[in-house]
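S.K.: I'd like to ask some things about the structure below.
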Amino acid sequence: MTVTVKMLVDKLKLKVIYGNEKLLSKPITTADISRPGLEMTGYFDFYSPERIQLVGMKEWSYLKTLTDHNRYSVFSNMFKEETPAVIVARGLDIPEEMYRAAKENGVAVLQGRNGTSSLSGDMSWYLNAQLAERTSVHGVLVDIYGMGVLIQGDSGIGKSETGLELVKRGHRLVADDRVDVYAKDEETLWGEPAEILHHLLEIRGVGIIDVMSLYGASAVRNSSQVQLAIYLENFEDGKVFDRLGNGNEEIELQGVKIPRVRIPVKTGRNVSVVIEAAAMNYRAKQMGFDATKTFEERLTNLISKNGED
């Protein structure tokens with residue numbers, strides 16, 4: 001996904017001190033952010049001009065100790081054609097030399113009201129999410145009790161219908177049919193809808209419905225962490241399914257492993273309720289409450305007791 005300076009300005013509510021439409025359309029190619037401390041002393045080895053340059057109180061205070069000529073020299077060396085923008089945090093005044101060098105080198109000058117650490121954290125979170133590599137998977141992503149559940153299965157098994165039933169039960173739709181997933185870090189997987197499919201759900205026999213229009217803003221989410229995968233498959237006699245819940249099946253997406261539960265589908269079975277139970281059971285396990293383990297302990301104790309008798 002392409003992220004521009006204008007998108008960052010809108011997301012973080014930054015003030016544009018200098019920058020025309022062309023400069024605000026510059027792409028940001030990396031989520032890494034530069035705090036140009038050593039660069040202000042004239043040391044530019046290993047400098048990364050393609051990063052957003054963030055000036056905080058420490059850098060700003062040091063700049064005040066320099067002469068006008070040296071301040072201008074620092075910014076002239078710092079600002080390159082590939083530099084997306086420079087951001088001054090805490091609403092600090094923009095040095096005249098910074099403004100002049102930015103104008104000469106075609107770099108947008110922005111100002112943020114938040115503290116440097118807060119601004120840096122918000123930028124990193126946003127840029128990492130937007131610039132992460134994405135993979136599209138077939139399925140329905142629903143937020144169930146605050147936990148992202150990816151529902152997959154064969155075509156025609158009833159994934160979208162199950163998603164609709166879950167929405168009617170108070171849960172929130174994230175994506176239907178195509179789910180774009182990306183890793184924010186090595187252990188966290190997120191999913192979002194394709195741009196053209198936002199808030200839309202396809203139901204065979206009915207067509208495409210707008211979930212937000214029918215059920216309100218509380219029935220949808222723009223993105224969600226993916227924590228559990230559900231695979232729906234037709235129930236067949238003789239086919240073995242996990243009955244104790246001690247299976248450890250996982251799927252891997254974008255290098256992140258998430259647990260998967262297989263649920264058999266047959267006429268008369270309320271699949272949405274079963275998925276709710278699977279989601280709550282997974283959350284309970286994360287909190288240390290494992291019903292399977294409790295059952296196994298009770299069974300072991302009962303066998304031991306009967307053996308003694």
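One-based numbering along the chain as shown.
Positions of Cβ are set from backbone N, Cα and C atoms, glycine also.
Residues annotated as active site in Swiss-Prot, with similarity to another entry given as evidence: His138, Lys159, Arg243. Per Swiss-Prot, active site, proton acceptor is recorded for Asp177. Here Swiss-Prot flags Gly153, Asp154, Ser155, Gly156, Ile157, Gly158, Lys159, Ser160 as ATP binding site, drawing on similarity to another entry. What Swiss-Prot lists as Mg(2+) binding site is Ser160, Glu202, and the listing cites sequence analysis. The feature region 'Important for the catalytic mechanism of dephosphorylation' is assigned by Swiss-Prot to 264-269.
Could you tell me the structural context for the features on the list?
M.R.: Summarising the environment of His138 (active site), the number of other Cβ atoms within 10 Å of its Cβ, over all protein chains shown, is 12.
Lys159 (active site) falls within a helical segment according to DSSP. The 10 Å shell around the Cβ of Lys159 (active site) contains 25 further Cβ atoms across the protein chains shown.
A strand conformation is recorded for Asp177 (active site, proton acceptor) in the three-state DSSP classification. For Asp177 (active site, proton acceptor), the number of other Cβ atoms no farther than 10 Å from its own Cβ, over all displayed protein chains, is 18.
Taking the Cβ of Asp154 (ATP binding site) as centre and 10 Å as the limit, one finds 13 other Cβ atoms among all the protein chains shown.
Within the same chain, residues at least six positions away from Glu202 (Mg(2+) binding site) with a Cβ under 8 Å of its Cβ are Ser160, Asp176, Asp177, Ile208, Ile209.
Sorting each residue of the region 'Important for the catalytic mechanism of dephosphorylation' (264-269) by its DSSP state yields 0 helix, 2 strand, 4 coil.
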S.K.: Within 8 Å of the Cβ centre of Gly153, Asp154, Ser155, Gly156, Ile157, Gly158, Lys159, Ser160, which other residues of the chain have their Cβ, at the recorded ATP site?
M.R.: Leu232
S.K.: Please identify, from the binding-site residues Gly153, Gly156, Gly158, the residue with the sparsest Cβ neighbourhood, meaning fewest other Cβ atoms within 10 angstroms.
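M.R.: So among Gly153, Gly156, Gly158, the binding-site residues given, the one with the fewest Cβ atoms within 10 Å is Gly156.
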S.K.: Would you count the other C-beta atoms found within 10 angstroms of the C-beta of Ser160 (ATP binding site) for me?
M.R.: 20
S.K.: Round to a whole number and give the Cα-to-Cα distance in Å for the pair Lys159 (active site) and Gly153 (ATP binding site).
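M.R.: Rounded to a whole number, the Cα-Cα distance is 7 Å.
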